[in-house]
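In TrEMBL this protein carries:
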| type | residues | note |
| --- | --- | --- |
| COMPBIAS | 1094-1106 | compositional bias 'Low complexity' |
| DOMAIN | 34-92 | domain 'CTLH' |
| REGION | 1080-1114 | region 'Disordered' |
| REPEAT | 447-490 | repeat 'WD' |
| REPEAT | 898-939 | repeat 'WD' |
Amino acid sequence: MSSLSRELVFLILQFLDEEKFKETVHKLEQESGFFFNMKHFEDQVQAGEWDEVERYLGGFTKVEDNRYSMKIFFEIRKQKYLEALDRQDRAKAVEILVKDLKVFASFNEELFKEITQLLTLDNFRQNEQLSKYGDTKSARNIMLIELKKLIEANPLFRDKLAFPVFKSSRLRTLINQSLNWQHQLCKNPRPNPDIKTLFMDHSCTPNANGSRPPPTNSPLVGPIPKAGAFPPIGAHGPFQPVVSPSPGAIAGWMSSTNPSLPHPAVAQAPPGLVQPSSAASFLKHPRTPTGVGMDYQSADSEHLIKRIRTGPADEVSFSGVMHSSNAYSQDDLPKAVVRTLSQGSNVMSMDFHPQQQNILLVGTNVGDISLWELGSRERLVHKPFKVWDIQAVSMPLQTALVSDAAISVNRCVWGPDGLMLGVAFSKHIVQIYTYNPTGELRQHLEIDAHVGGVNDIAFAHPNKQLCIVTCGDDKVIKVWDAVAGRRQYTFEGHEAPVYSVCPHYKENIQFIFSTAIDGKIKAWLYDCLGSRVDYDAPGLWCTMMAYSADGSRLFSCGTRVKKFDTTRNRFLAAGDEFQIKFWDMDNTNVLTAVDADGGLPASPRLRFNKEGSLLAVTTTDSGIKILANNDGLRLIRMLEGRAMEKNRGTSEPINNKQPLIVNALGPIGNVSNSVAPSLERADRIQPAVSISSLGNMENNRLVDVKPRISDDVDKIKSWKISDIADPSQMKALRLPDSTTSGKIVRLMYTNNGLALLALASNAVHKLWKWPRNDRNNPSGKVWLLSFLKLVHMFVPQLWQPSNGILMANDVNDNKPAEESTACIALSKNDSYVMSASGGKVSLFNMMTFKVMTTFVSPPPAATFLAFHPQDNNIIAIGMEDSTILIYNVRVDEVKTKLKGHQNRITGLAFSQTLNVLVSSGADAQLCVWSIDGWEKKKTRFIQAPTGRQSPLVGETKVQFHNDHTHLLVAHESQIAVYDCKLDCLRSWSPKDALSAPISCAIYSCDGLLVYATFCDGAVGVFDADSLRLRCRIAPSAYIPSFALSGGNPSYPLVIAAHPSEPNQIAVGMTDGSVHVVEPSDVELKWGGTPSQDNGPSNSSNPSPSGQASELPSR
């Protein structure tokens, strides 16, 4: 819709409001989406007209549009749900839960489960987080305050919250002026015309005597009618003389075509696609620009998005995606040179960090990569090419490197959240690094991806899992798991080397565009069913492809232009003819061109930062120039000023990370405080949300942290602490506990990471909860250890419900609880805990500590519990008599009994991927059972280490890795990793400084580490892949001296890994205490054998037992 048409809508809204057509006014506001009437919205909310509230909102946004919209709809539906509960209308509450709130489960499953649990309470105010909920009226008023803030912050409501300022009755005035104009054109104008209709143009009838009346601009005509004093039709007074409108004034109402870009090397590929009924047809019918005319000023891209979302697919054409002529100017283009960087070798690829927009990643023709900080002009990281593990790569690559060691970076790119980067090389491999905001790169994956060169690399999110997409000279596209590096998909069909890949998604459809050097473009779905789109690229030659930031346009680029880029959904830039050429996306002509003060190659490579305020471009002397607009210039000056302040000698602790708003010129994203590889994109992932706010989704914004590596930090990071013996070398917290109990025999984090649940040997459970502070703890993670000064602010508290009851297990009168084997399992939604301590198995409500039911009376007693991965009503119960019961809680029935062990069951682990249950027993035996029919598939005894008497006996624990195919086995004599066939891949046995028996072992949440506790109080941290020791934590580092002295020093019996912080663990001790430990702020991760990337080790305290794990004997 053109801007004049938009203004006409506002005039109509004013007219309807003046005529008191209230309902029609709000209907037009909703359907046009031009003006959001906050007063009407508030009235509807306060009246509880929830259907009308959502209907009105639907004209401006949908739930899935962005995080603000999601939060707005969530707050409304949550309030509707609570009001139904408050009225005791359970049926209505369930309907709201299923129809309205279920949609949020896919974004935050834990939150949805918490809300569901409110149905189990007689009064939802029994929930401690909702205990202050008042009456309906006050709750609505409180919600309105929050909603107004969200609406004002939502970019979709930008410029829609204020009605334009113009005189009253403006539409009437314009009609008056039009009638005057028509009257001026009358052949026989009369001094007092009689206007009876607006449906036809006005024309005066001649006088009866045929005489010509006086001209209308005579002084006798009289005064001009006042605006707003529109006289009734048929009783008009004199008309205002007006000047006839110029042709240009009418041009805005006319249509114009929008041909594609004419540059010989830059052509427009099929545009943003609109989803038809099926994914296949969605990709089989891409539209090229058709030249269909639309209003010249159809600038409102939000309105277009709304049309795409709600209208039929065939109604939308790329050529209609227009932008307001006054929305941007050439001043928004980065054209001023503000930095010159000397790389030292020819730059082949560049990419700005997606959040820290002063960080530039560079790859060169000699295979090295660098990270530059533009404010200080400092090269933070420089990594020459090397193969990390030459023994692991294929023979063709080894042969290629021997015959010709030269290798180049073909592409380097950041992951979507900035925590990972990928590098594609001209020979076979890609390398993936993890990155943290302090500027450190760590080796993550090295993949022998293709035969020949790897021409392109990109990140994608099929099935909500972060993946790596590569293509190469072998004519194949491959998709890899970004965590473990396993190949997930292989796409074959190109007949020539694949030059580039462009992953994208539209609606709920994920797909990949690929281009080959023979000019063929194909599109693929993640289903291995072949390409769904096949067509020729412009110019019938290889192209690069890229989407605009809003995903509405797809561009392709020929080989004459080595690199192009887009920004602000408005401008396109390409390097050509020793210049940088800029286009307005809606105009076929070059907007402007700059030479960046000279020194550019014929076809320079270039890259915008996310906000379009900076542009990096390559130079002929193996350097890079940084161009900026006014916003970018201010950013560079700010960064430069801070760097100068540092150079003046400002002293500060080396671990003090200075916050810096590096994204000050645009939206500020949240920087993840975890440096481990992320499984999901940052712009999709939803942080953990506590029930205290029932959906406080990402309200606050965090500043980025400036990467800085001073000389002192370099010295510290050049070696890694392998033996931690002093409390100052790490962070540790002993959880407060005023009660007396026996030793901690079971320990686990809740799935949301906000609480720790322990089971003591006296059959009593303890629950510690971290306080929820949304301002300081936006992601719902445990922050007490993130900064040492905050430890006392966020100390968890031992929690009990208001009724004061203890959560205590049933005990066996014939056998003390201290002598019984305890077991515990927690449901996925943290709502129920199943537990036993020698007596009956009890099912507790975690919110009230009440026993919901008991089952399976001894003897024999239950010794291990595990929930079925697909059905919480099905439980596997390991028994003292060596059997395993498959029990259905809902019908109180044992479905089957599994037999195969010779001693009590000590471990159970389900794998949904393999569709099996693995059991372990005190007989040191492993058994694999099929979930389908519960038949035994395989059995194996664990191998005794060298020097240990065989066969082994004793408690054996099992846990599946995140991939659900590798199995961690822990026995006092060893930790070992087995594959799905129960073949031992690697093992480690106590030796040297870690010679005590192993008491427990567990994977970290990301599957990269294995933590093991020992009976002398030590803790070992191992690499999960190799079982190589990274770090030994001595008892003196975290256990108080009084607990270490005496005849029975305390040591950890059990260990728990935080569900989202891979470097945080909790240990349960023999003296009944629980300790939470993390690395220091300097280290960020647990140390280990120093890598070559960080220089030689200077550690004066080398690893006492850093040798590699032993391979099993065959």
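Including glycine, each Cβ sits where the backbone N, Cα and C put it.
Note that TrEMBL annotation is computational and uncurated.
On the 0 to 100 pLDDT scale, the repeat 'WD' (898-939) averages 93 in the predicted structure.
For the repeat 'WD' (898-939), same-chain residues at least 6 beyond its ends with a Cβ under 8 Å from one of its own Cβ atoms are 821, 863-866, 868-870, 876, 878-886, 951-960, 963-965, 967, 969, 971, 978, 980-982. The DSSP breakdown of the repeat 'WD' (898-939), given as helix, strand and coil counts, is 0 helix, 25 strand, 17 coil.
Mapped onto DSSP helix, strand and coil, the repeat 'WD' (447-490) counts 3 helix, 25 strand, 16 coil. Cβ atoms under 8 Å from those of the repeat 'WD' (447-490) belong to residues 392-394, 396-397, 410-413, 415-416, 420, 422-432, 496-503, 505, 510, 512, 514, 516, 524, 526, 528, 677-681, 684, 962-963, 1006-1007 of the same chain, restricted to positions at least 6 beyond its ends. As a summary of secondary structure, the domain 'CTLH' (34-92) carries 40 helix, 0 strand, 19 coil according to DSSP.
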